[in-house]
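Peer 1: I am attaching a structure below and will ask some questions about it afterwards.
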Amino acid sequence: MRLSFCGNDNASAYNISAGVLRNVCFVDALNLVPHVFLLFITFPILFIGWGSQSSKVQIHHNTWLHFPGHNLRWILTFTLLFVHVCEIAEGIVSDTQMKSRHLHLFLPAIMGFVAATVSIVYYHNIETSNFPKLLLALFLYWIMAFVTKTIKLVRYCQDGVPFSQLRFCITGIMVILYGLLMAVEINVIRVRRYVFFMNPQKVKPPEDLQDLGVRFLQPFVNLLSKATYWWMNTLIISAHKKPVDLKAIGKLPIAMRALTNYVCLKEAYEEQKKKVADQPNRSPSIWLAMYSAFGRPILLSSTFRYLADLLGFAGPLCISGIVQGFQNTTNNTNTTEKNPSNSYLSSEEFLRNVYVLAVLLFLALILQRTFLQASYYVTTETGINLRGALLAMIYNKILRLSTSNLSMGEMTLGQINNLVAIETNQLMWFLFLCPNLWAMPVQIIMGVILLYNLLGVSALVGAAVIVLLAPIQYFIATKLAEAQKSTLDYSTERLKKTNEILKGIKLLKLYAWEHIFCTSVEETRMKELTSLKTFALHTSLSIFMNAAIPIAAVLATFVTYAYTNVKPLQPAQAFASLSLFHILVTPLFLLSTVVRFAVKAIISVQKLNEFLLSDEIGDDSWRGGDSSVAYESCKKHTGLHTKAINRRQPLRYQLESYEQPTKKQTRPVEIDDIAIKVTNGYFSWGSGLATLSNINIRIPTGQMTMIVGQVGCGKSSLLLAILGEMQTLEGKVHWSNVNESEPSFEASRRNRYSVAYAAQKPWLLNATVEENIIFGSPFNKQRYKAVTDACSLQPDIDLLPFGDQTEIGERGINLSGGQRQRICVARALYQNTNIVFLDDPFSALDIHLSDHLMQEGILKFLQEDKRTLVLVTHKLQYLPHADWIIAMKDGMVLREGTLKDIQNKDVELYEHWKTLMNRQDQELEKDMEADQTTLERKTLRRAMYPRESKSQLEDEDEEEEEEEDEDDNMSTVLRLRTKMPWKTCWRYLTSGGFFLLFLMIFSKLLKHSVIVAIDYWLATWTSMDNANEVRNVDDTYHVAVFSILSGAGIVLCLITSLTVEWMGLTAAKNLHHNLLNKIILGPIRFFDMTPLGLILNRFSADTNIIDQHIPPTLESLTRSTLLCLSAIGMISYATPWFLVALVPLGIAFYFIQKYFRVASKDLQELDDSTQLPLLCHFSETAEGLTTIRAFRHEARFKQRMLELTDTNNIAYLFLSAANRWLEVRTDYLGACIVLTAAVTSITEGPNSGFVGLGLLYALTITNYLNWVVRNLADLEVQMGAVKKVHSFLNMESENYDGYLDPSQVPKDWPQEGEIKIENLCVRYENNLKPVLKHVKAYIKPGQKVGICGRTGSGKSSLSLAFFRMVDIFDGRIVIDGIDISKLPLHTLRSRLSIILQDPILFSGSIRFNLDPECKCTDDRLWEALEIAQLKNMVKSLPGGLDAMVTEGGENFSVGQRQLFCLARAFVRKSSILIMDEATASIDMATENILQKVVMTAFADRTVVTIAHRVSHILDANIVLVLSEGFLVECDTASNLLLKEDGLFTTLVKTHK
């Protein structure tokens, strides 16, 4: 058949006798003109543009801006393209009904489609290069197109073409579209004035884009890029080359920053407050505030959601149409040919065409998915904005919280942390899900109506099944939440126990008690597993309900239909209703979740409201306020309180002089000599009862005021009252105004009202040491050095791995109390403020440091600066240094004045002080011996030492097989980043046991086969030739098979969901059990090398992931993968040609998932890692409120909070944008699969049933494709936990078996306590240097031996060698004739006793601490306690031996703890006792008790003492002196002292 434009089957085609415009063909040709014109003009411009643009691949931020009507233009163009597609389709369908080809029916439409596409590409390029003059070409095109289309429409009207004809409708719509586009173009000219006007308007791009730091472009790109997240491509592809970091994701756009949203929400909330101001019992509604601040985007999102839901129903309708059409075409093949002159199609005929329906289905799917993702994105963005605003609101409230609220326990830190971590997230999640609340009911109602239309009454039966089973879903969901809560309680308890084990691991090993404690953890773990079982059961029930409800509903419907309807079931009905049931199940399943979240959100809002309405601190404008006011108020009271103060000599004030007003009026300037004064002050902690009463004090400027008094007399409260932290019941606090005589008025003003304050309980930021000291002030090296020296911090800083750049605080390195306190004092000294408040800075410091701080820091550093200092202290020996003393008692001021005044006036008080001072001096003598600081430093060094050694265990990112490939080039890194950790997955799956693994795989495959079989059976049943005679018999048979298959499917759903969860539980159980046993049996060196937090992480976060997160992910992954595979298999079975089309789609899918997984993992990590600092910042602010407010640093902390919130939000935004990127792409791929499946099955399909089946399955693929990728990505992240746990499982254990059987060792060995050390060499690990070299010694039974030497000489290593805690690689130790290396470890360690330097107690009863094995009688325990001088104290406790010990023994003093350790060693009646620096951390009194006990109670036992101070071992029978691992001297102490140049002699001299 020859081609011709007007067709060659009609002679009159080229006839123009009736006028040119009366010829249809000519009018169509005329329509080609504008399109060709546009292509001719724009192509050269575009090519020139592309040529120059190749240099600038990145869009230029500085020229990037939307022209007016930007979005409208995109929408109109998309509509135009759609109409063009309809026109092409209409043309082609009409053409198929002609005898010859009529190109004029569809060629102009095709050209129009091309032209429309070019127009938008052209527009986009003009817009990005901001060159509006070139838009004229488009303007002309729209005019021409409008004119030619109008001509065509007029021609149709003249010919009297009816409105029902499709071509008439299309032409009419096009005229409207071209007209609108013309209007948009005119509007651009009107606004931008680029042509026809003298002065074109200059426009700048949005502020965000001028800032190159903004990388989140969603708000700025064009509509197409917005809908498909095209702008994300660069990020996702670059993630492949190098990890995504915070720099790569840049800053948040201004509109999304926490501050912007905070202002919105705050204004809305204030509005609500105004509304309820006159109604005292109503509280302002946060809901309304949130609605007025964020209502619009929610409405937008809901609109998108409704559109998507309505388009979702296109699927079932198109399936029904296609199957119906297919059936009709197969039944009647003859088609009628049309007369060319009457070549108009009606809309119905058009929509009956199967191919048209397939294309429509494809377009509907694409649109539906685009709208759905848009709706998700808008809610996510709004949710993130809301969370930012709420966090800022909460933070601002925290900064204004009244201190009494926090201290009286009305608002605990835990509650605040919950608000930040849980409630804000609940609200954010609620926002994500809230469009579902009103979209789902509509979706359900629509679905039921359509079902009713298809199947009549029987549809309602199916719907009823679904609706009735929905409440059960809700019930299961609530049960799940409960199970999760109880699991959490048990795991917290298990972690506490694990933490105790790890902290005391050395002691447990030395006493051979590991297994006792291990079983206790295992018991808690069993409880936790029981509650995990209920959790797993409910999870699997929920999964089962999800899978089984649609099967049950379909079964009920079709069985009812078969028995109630006369007409047999048609394939069109069957498959359309099947796909409707699939649509219906999702909202019903989600509804329970959404309702649960709504309930949670309501509770969260209540909590938030309570918090936002709680008491605030009084407005302290007096401190930062107008100085003249303060000045006036001082003038009023000048008579009472001011006298010129001579700074050189302390004032001899008499108290009486206060009573009579002074004769001389003072000059105003001298007021400045009093910095602060309180008149007639009554202050309370919010209870209404005055804690401080009748306070009248003054604090002289530039001098040192000391506040003294007993514990709890209100000294700290007085400082806080002055700072305005307490409620003022009556009276005033006056701060003097600025000293005008100072030259730099501004400089003095700046820090004037900020007070450098060091609280009693040290408060550190999670920051470096330097940042903690500087605290936001400018860095001044000289000043910094002076301050660190004054606080003697330098030696401590030198111990830290990165000096003063080391992170300290909650997440950083744990410092001791004294070190923390010194840092806080240093912070107060460093600040450039006029007033310094130090609250008991000496409490945690030993005497040397206190003296040094007093001399260097306070007397020198502060007094030189002429700063006003208020010092609260218990150390009365410093009173002589004070310029002014305030003595307090029971919340009142007892005395005020100089020391001389008090000596003269209150002799009694002065004498009382004197006796106290003497007592303190005596303590001093004792204290000079015990140097607490060196001890603290030693602890710090011990904590730091492992960190410096390479943490070889933590090289988690190194794959095991990486060893042979050492070169760390980019390609290997990339390979690792894109590779799924299959090896780890296999390890995880097998750790659940092979039987369960096999059962899981088998039941999964069986279940999916059955589900496919159900649908297959339905296809054969419905597409049979419906001969009426055999109907009843056949139907019964069909229904029976169908019911049996459905029943089997439902049962299998239950079995599979249970096996997956069961396997997950078994794997979790085994992994934790192996991990715990491995860790507990690990060598002591491992615990020195690995930070405690790291090991704990394996037991907390990683175990939690393995317990609760991997099983559902695995279930979801296997389910969606198998669904997709079975769907592809089914379609390919129906139409093998589909496989050909599948290849390119498969390749596309592979690359999408590969790129996405890498980027998603990075973004996930960024989101996690930016969340922690934010939460910490909140909790540390709440803890350090008084300090922040005293320093006046609220603004700086707010700024930091906003930065942290924005950083976390941008990470989260990018993560959700990446998810949208993936879903849009997989959805489009799914739509392509549907299109290919539809087209191939229409052309090749065997019968209508299989066409329906193929389409149904193609539709399910679209739902599950993105789940496959999402779950893969999640699983990859979660497998990291399994990998980390495995890295510990490969560790070497200690060798617990000896050559001798425990039964061969005598029961009472070692009886005598004789020790021979023969040529002993010891090292910590076989790759390290020896720490003891060739030590030889002989210790007789019952001797008292002292071992001494400098630090690092190997003293402690020798004590560990007795227990084989270290590697003895040469020589041996023989105890009572048995070589200890032949003994089983447990036997050896359980027969010796040791007292360690750090006293360690465990939480439990006192009995448990002394004898965890429960072997001894009570008498034996009391005897031990009596020996340790603890009997009376324990008797006085409630419960005696069963009295509880808190974690770490915190409820006993250090000395008492050490005595308990002594009693513990005595309970174990061993003839050898080793004391490893046991007296280092206790006071003199306890130490004397210890020495006595050792001499008496252990008289007949061998005691080896490792000396902390040489003086302890002067009376030992024999002394071993070690140096650098060699034994250098060995004799009695008296003999050794005779050697003048001996090491022992020097040690004694230096230590005495």
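Using the three backbone atoms N, Cα and C, a Cβ is placed for every residue, glycine included.
Curation plays no part in TrEMBL annotations; they are all automatic predictions.
Pasting the relevant annotations from TrEMBL:
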type	residues	note
COMPBIAS	954-969	compositional bias 'Acidic residues'
DOMAIN	307-600	domain 'ABC transmembrane type-1'
DOMAIN	676-915	domain 'ABC transporter'
DOMAIN	1024-1276	domain 'ABC transmembrane type-1'
DOMAIN	1315-1549	domain 'ABC transporter'
REGION	946-970	region 'Disordered'
TRANSMEM	32-51	transmembrane segment
TRANSMEM	72-93	transmembrane segment
TRANSMEM	105-123	transmembrane segment
TRANSMEM	135-153	transmembrane segment
TRANSMEM	165-184	transmembrane segment
TRANSMEM	306-326	transmembrane segment
TRANSMEM	350-367	transmembrane segment
TRANSMEM	427-451	transmembrane segment
TRANSMEM	535-563	transmembrane segment
TRANSMEM	985-1002	transmembrane segment
TRANSMEM	1037-1060	transmembrane segment
TRANSMEM	1122-1152	transmembrane segment
Peer 1: Can you work out whether the transmembrane segment (350-367) touches the transmembrane segment (72-93), with the criterion being 3+ CB pairs under 8 Å where the paired residues are 6 or more apart along the chain?
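Peer 2: Taking Cβ pairs at least 6 residues apart, the transmembrane segment (72-93) and the transmembrane segment (350-367) are in contact, with 3 or more under 8 Å.
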Peer 1: Compute the average pLDDT of the predicted model within the domain 'ABC transporter' (1315-1549).
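Peer 2: Averaged over the domain 'ABC transporter' (1315-1549), the predicted model reaches a pLDDT of 82.
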Peer 1: For the domain 'ABC transporter' (1315-1549) against the domain 'ABC transporter' (676-915), do we get 3 or more Cβ-Cβ pairs below 8 Å once near-sequence pairs (under 6 apart) are dropped?
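Peer 2: Contact absent: fewer than 3 Cβ pairs fall under 8 Å.
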Peer 1: So what's near the transmembrane segment (1037-1060) in sequence-distant terms, Cβ-Cβ under 8 Å and 6+ beyond its ends?
Peer 2: 537, 539-541, 543-544, 547-548, 551-552, 554-555, 558-559, 562-563, 996, 999-1000, 1003-1004, 1006-1007, 1010-1011, 1013-1014, 1017-1018, 1021, 1111, 1114-1115, 1118
Peer 1: State the residues, same chain only, that lie 6 or more residues beyond the ends of the transmembrane segment (427-451) and have a CB under 8 A from a CB inside it; answer 'none' if no residue qualifies.
Peer 2: 290, 294, 298, 301-302, 305-306, 309-310, 312-313, 316-317, 375-376, 379-380, 382-384, 386-387, 390, 459-460, 462-463, 557, 577, 580-581, 583-584, 587-588, 590-591, 593-594, 597-598, 600-601, 604-605, 608
Peer 1: Using a Cβ cut-off of under 8 Å, list the residues of the same chain at least 6 residues beyond the transmembrane segment (72-93) that approach it.
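Peer 2: The answer is 105-107, 109-110, 112-113, 116-117, 119-120, 123, 166-167, 170, 173-174, 177-178, 180-181, 184, 222-224, 345, 350, 353, 355-356, 359, 363.
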